[in-house]
Amino acid sequence: MNIFSNVEHQNSQDKDNDAKEKARRMENHTVELREKKRLDILRKNRNIDKSNQGSEQSQQERGGLTHQYQALMSLEPEFRAKIEQIYKITFKFEQIGELVIALNSQDVLFQHHGCIGLRKLLSIEDSPPIQIAIDSNCVPRFIEFIKQSTYPVLQLEASWCLTNIASGTTHQTQSIIDKGAIPLFCKLLLSPFQDIAEQAIWAIGNISGDCSVYRDMILKCDGLKPLVNILLNTNDRKTIKHGSWALSNLCRGRPLPDYNLVQEAVKPLCKVLTQETDSEVLTDSSWAISYLSDGDEDRIQRIIDTGVIPTLIRLINHQYLSVLIPCLRTLGNVCTGTDEQTEEVLKYNALPEIFKLVKHQKKAVRREACWVLSNIAAGNERQISQIVNQPQYVQWLFECMIQDSDEIAREATWVISNCTSQANPQDIRKLVEMNVLKIYTDILKSTKDVKTIAVILESLKHILECGKNNFMQGNDNPFCIQLEQFGALDFIEELQRHPDDDVYRRSLAILENYFDLEDEQVIRPE
């Protein structure tokens, strides 16, 4: 068997009605960039090597990058020269049998030849022989090689092979998990050789991206801590890109991971988001942060303490929805916290930037923006005033309520409803002067959306109660008079017959508490 034939130069290349409404979540929100499709793209990557594909580009790139391998440069000169000769070979599918034999040889040079050759074939872009390598029982041998540190190139190449096998199907990924790959890769993150640690990052990213079970296995093996340390202490662009991708895979998925196991990821991810401009890096880190910010006040404060809020506000103007939406989502999550935490968003002049998105051409962005605003509107009086005292903002919300789709109209209605829940009386009167009662009446006349009807009825209760307590004209509530003039009373009476119990009870409460009706006009429960 001539294992050193077909010599060519090689290239190695890089894959929650009241204030408590703030806890309302986006559970049913599926953004236009659908999660499943996005994760299919981002969760797994194969470390592609173009040196074995014969393209013009690869012909030009062959050779140089191998000499940057720290693992390679650690070898004795004579042995390194022999390994470099193997790197120059272009391998073909027909040679897989020979490569498997070499892989299982007791000769160290043959082992390198088999491992490098198989890695090159597993690294091609189209139809890599992942299943063939598994069926040829190569995985146990690769596992054996990554356990030893005597031959770092062999350790690197075997790691690369396993990484690319992990980029395949769940069944294929399982083949390396069953052989104990996870704790080994977690250990390799601590390798003194940057190229080996880099390959471990690829593997951790692919394995954690496959399913939540594998992700949790890595987290329980303490695989997150060394990855965090790498990201906090590197300026290498490739390491930052791959590390942020792997770290984001460890922070997402359904069910979400135990927060106690991933909380240390907040700092490096926020650092990356603040310092980087690459859209893929921003996408990975921003989605991970959106998941990490979804929770109690302590989680929110951890995000705030990194100083990332101004960056998030800047990035909601990003050209890519894959960056814009998770950054907007994170701001919304922060605004589900305390009033003080909401203020951390508002103090950086976020409100004008968020309101711009209410007019965005993309439905997903308009919906998300209205959700964020509904959380801000569930704040204190001063925060609500920042919305109500801008007539243009209120008008944009009214337009969404009247003209947009049911789900966006509902979210916009939540903004106004939350404002009426906690606003000072003068701000509620401003909303009435801006025709909110007419808007509500028109929607009640036309919508069939039960949730929107319930939200409007809750808001009407707050408005009418405000009029009763603050603006009575003799024995008359001016807000009740106006509502009746718009013809809303007939519709509210009719809602007593609504099949939804919540709608029925809300409409009944309004009629009983704010209007003098004949008994036959009020339908009481039996």
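Here the Cβ of each residue, glycine as well, is placed from N, Cα and C on the backbone.
Computed from a predicted structure; not experimentally measured.
Under the heading compositional bias 'Polar residues', TrEMBL lists 1-10.
The region 'Disordered' annotation in TrEMBL covers 1-30 (among others).
Annotated domain 'IBB' per TrEMBL: 1-55, in sequence order.
Under the heading compositional bias 'Basic and acidic residues', TrEMBL lists 11-30.
Residues annotated as region 'Disordered' in TrEMBL: 42-63 (among others).
Taken from TrEMBL, the feature compositional bias 'Low complexity' covers 53-63.
Per DSSP, the secondary structure of the repeat 'ARM' (180-208) breaks down as 23 helix, 0 strand, 6 coil. For 180-208, the entry in TrEMBL reads repeat 'ARM'.
Among residues of the same chain six or more beyond the repeat 'ARM' (180-208), those with a C-beta under 8 A of the stretch's C-beta atoms are 15, 44-47, 68-71, 74, 143, 146-147, 152, 155-156, 159-160, 162-163, 166-167, 173, 214-215, 217-218, 221-223, 226-227, 230, 236, 238-239, 242-243, 245-246, 249-250.
Per-residue confidence over the domain 'IBB' (1-55) averages out at a pLDDT of 42.
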